[in-house]
Amino acid sequence: METTLPLPFLVGVSVPPGLNDIKEGLSREEVSCLGCVFFEVKPQTLEKILRFLKRHNVEFEPYFDVTALESIDDIITLLDAGARKVFVKTEQLADLSAYGSRVAPIVTGSSAALLSSATESGLLLSGFDQTASEAAQFLEEARDKKITPFFIKPVPGADLEQFIQVAAKANAIPILPSTGLTTKKDEAGKLAISTILSSVWKSDRPDGLLPTVVVDEHDTALGLVYSSAESVNEALRTQTGVYQSRKRGLWYKGATSGDTQELVRISLDCDNDALKFVVKQKGRFCHLDQSGCFGQLKGLPKLEQTLISRKQSAPEGSYTARLFSDEKLVRAKIMEEAEELCTAQTPQEIAFEAADLFYFALTRAVAAGVTLADIERSLDAKSWKVKRRTGDAKGKWAEKEGIKPAASALAATSAPVTKEAAQETTPEKITMRRFDASKVSTEELDAALKRPAQKSSDAIYKIIVPIIEDVRKNGDKAVLSYTHKFEKATSLTSPVLKAPFPKELMQLPEETIAAIDVSFENIRKFHAAQKEEKPLQVETMPGVVCSRFSRPIEAVGCYIPGGTAVLPSTALMLGVPAMVAGCNKIVFASPPRADGTITPEIVYVAHKVGAESIVLAGGAQAVAAMAYGTESITKVDKILGPGNQFVTAAKMFVSNDTNAAVGIDMPAGPSEVLVIADKDANPAFVASDLLSQAEHGVDSQVILIAIDLDEEHLQAIEDEVHRQATELPRVQIVRGSIAHSITVQVKTVEEAMELSNKYAPEHLILQIKEAEKAVDLVMNAGSVFIGAWTPESVGDYSAGVNHSLPTYGFAKQYSGVNLASFVKHITSSNLTAEGLKNVGQAVMQLAKVEELEAHRRAVSIRLEHMSKSN
């Protein structure tokens, strides 16, 4: 099994080493030498783990099960603190897709069907029982699927030696509990680390020894030795350099010479045929008068060694002694050399001045007791951060170079910032990039307005299609299994809640009931007004009457995202129009909470709109259940409602499957808003409208089109955005969204509306003078919010308009959900004999042109019959 991990397994530790006394299994020091550790994070342990990472995120390579964390911000904070990889619930993947391979799904069980949840970032299968009946099928399918990387965690009490063999057959990386491991000889009930390593390494020597490269903390090779299972065990037990002499048995490095080693890390190479020991070397490694068997140290390690030696023994009054004792001198020299480096011109000059700067900087570090390894660890730690400043120059250094604070924003690249880039460029101040439409090309502006790239459809389909097929074939059983797995609602025995709904499931505070009732009535009024008073009827020519009449779609499915979230607004926006339209069967679908219940707000709305049932599932499985129907879930004719990328992809998939015979409302993408503001706009209002959409997700985009605003007004809006954003609980999500959001400066309302129509926003907010007049210029938008007193929030909840709207530019082709979304229009034709005579010749001629003789004859036979009758 090939892996990029230092060792082909992770060590599972219940609490980070050092935060408690480890009384069983591996010690903190032993775990540190192995490096790769696995933790399960819970809300109550999060702060402890963050403190641990602050001190040890380079010493250890931590992997986390974060399924107990509901907050996306908390998970992002873990990534920023140095988590190498987090394993999340599948429904959290879309919100964390910006973090690429550092986020992977986790599923629980021993079924081969769970393997379909794998993504390009891999998969963690937790709670695997190698004794289960389905384990054999699992092994076979796991080998065929070739998931990379594939992690597997056993059930408690599993036989670890057998489990490792099973993992190897599945090409999986096992997660082994520290409590079941040991470095002691023949400790009953424990598996020796040396046994694990020797079972995977490959030696071509008759004696089975493995070549071992010994390096210092800078990865400088010190020498080549050999290791055995016994020597590795002893090295881990003592945390020292212990190797296998080909002649004299165990070799404790430095036992006689005093040139000892402190063991830092053990790892295998990519082919598992060589070991690497990272050590802190005291004295020399080589028996000759040189630091290592391959020669003396060079470069920065050599300089550090020299400085440490001089610090201990520099003659009093020497220049080196002055540097170590005179902080002002060192500071002045660092400033001097930094300036000389900045003014150097040729490559030779730059190398020369950089070397001088490094010398004085390292002198400053050594004087403070900071090693080169400490500096390298700090660099490595920074490489794992996902929240970063832009790196703009500040204070007197910026002033000296003539750099103004806003210059970096004005000079920002016009290329769109992807979600991947958002994790790399998180500014200290939350601010949108600015573009002056009069100073950039059309191409540059189009690129800046480009929406964030979404996860590839292939990657999403790889996840959802097996789920859809499973539900289609196995019905209720499949839906229940996914609800148990994804929502942890293991107590559920039925995947659906049928009406009438028990009163105890909709117990709510009076103020919540009142708010829902007000919103219900406003939404009902607005959608009822959309009803056609009577069928359309037109006599196109004498005797030819054409009509169009509407009929409700008989069965509709309303998808309501949720689980722990409470989303009565979406239930209202879908359920009320369906009720007004007269749909015979209204089916809600929403993921239940862990106890198997639906939030009472949604049950109450379902009761008010007369819903037939509530499907207790979310994601692709809920969409599939409504599209195909199951033993207990009603098949619907149309599915409506928002969701993440997986829900949207599932809706698209079933709508293209003729076996499902189901329609959907519209394609969907991340939420977005475009605000047009002029000098009359209140900066606080503008900022609040921008942030109301930015908090939806890191892939949301918000656009401000500023009409003839001066620097003071623009700065006031930017200040409000930052101030309000930092007060929000979802501030890190806002940072990700703002990273690909922009302000465009224009001169006129007409110019602003032209840009808006080109962008076709989901939400368009007009905070301008005489906003009502500008509505005439709107050609493409999901919903428009007019004037200073109309925040987008009222449309989301209670005004009456629908909040299920086209995104990602689809407002050019689609309407938002409305009454027409729940009805279909049927046309009819009613001809008299005179009418057929009037239109018959035209019909027959066109049928003749298209060579459809039966069509022509259907008219000619009737006309001949008329002639004979006369």
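Cβ coordinates come from backbone N, Cα and C, glycine included.
For 1-285, the entry in Swiss-Prot reads region 'Phosphoribosyl-AMP cyclohydrolase'.
Taken from Swiss-Prot, the feature region 'Phosphoribosyl-ATP pyrophosphohydrolase' covers 286-367.
Taken from Swiss-Prot, the feature region 'Histidinol dehydrogenase' covers 368-870.
The annotation Zn(2+) binding site is assigned in Swiss-Prot to Gln693, His696, Asp796, His855 on the grounds of similarity to another entry. The Cβ of Gln693 (Zn(2+) binding site) lies under 8 Å from the Cβ of Ser671, Glu672, Val673, Ser700, Val702, Ser737, His763, Glu792, each of which sits 6+ residues away along the same chain.
In the three-state DSSP scheme, Glu762 (active site) falls into the coil class. Taking Cβ-Cβ distances under 8 Å and a sequence separation of 6 or more, the neighbours of Glu762 (active site) in its chain are Ser671, Glu672, Val673, Ala781, Gly782, Ser783, Leu805, Pro806, Thr807, Ala811. If you look up Swiss-Prot, you'll see Glu762 (among others) marked as active site, on the strength of similarity to another entry.
The annotation active site is assigned in Swiss-Prot to His763 (among others) on the grounds of similarity to another entry.
DSSP assignment over the region 'Phosphoribosyl-ATP pyrophosphohydrolase' (286-367) gives 60 helix, 2 strand, 20 coil.
His696 (Zn(2+) binding site): 19 other CB atoms within 10 A of its CB, across all protein chains.
Burial estimate for the recorded positions (His763, His855): highest at His763, by number of other CB atoms within 10 Å.
Non-local contacts of Asp796 (Zn(2+) binding site) by the CB criterion (under 8 A, 6+ apart in sequence, same chain) comprise Ser569, His803. Classification of His855 (Zn(2+) binding site) by DSSP places it within a helix.
The predicted model assigns the region 'Phosphoribosyl-AMP cyclohydrolase' (1-285) a mean pLDDT of 87.
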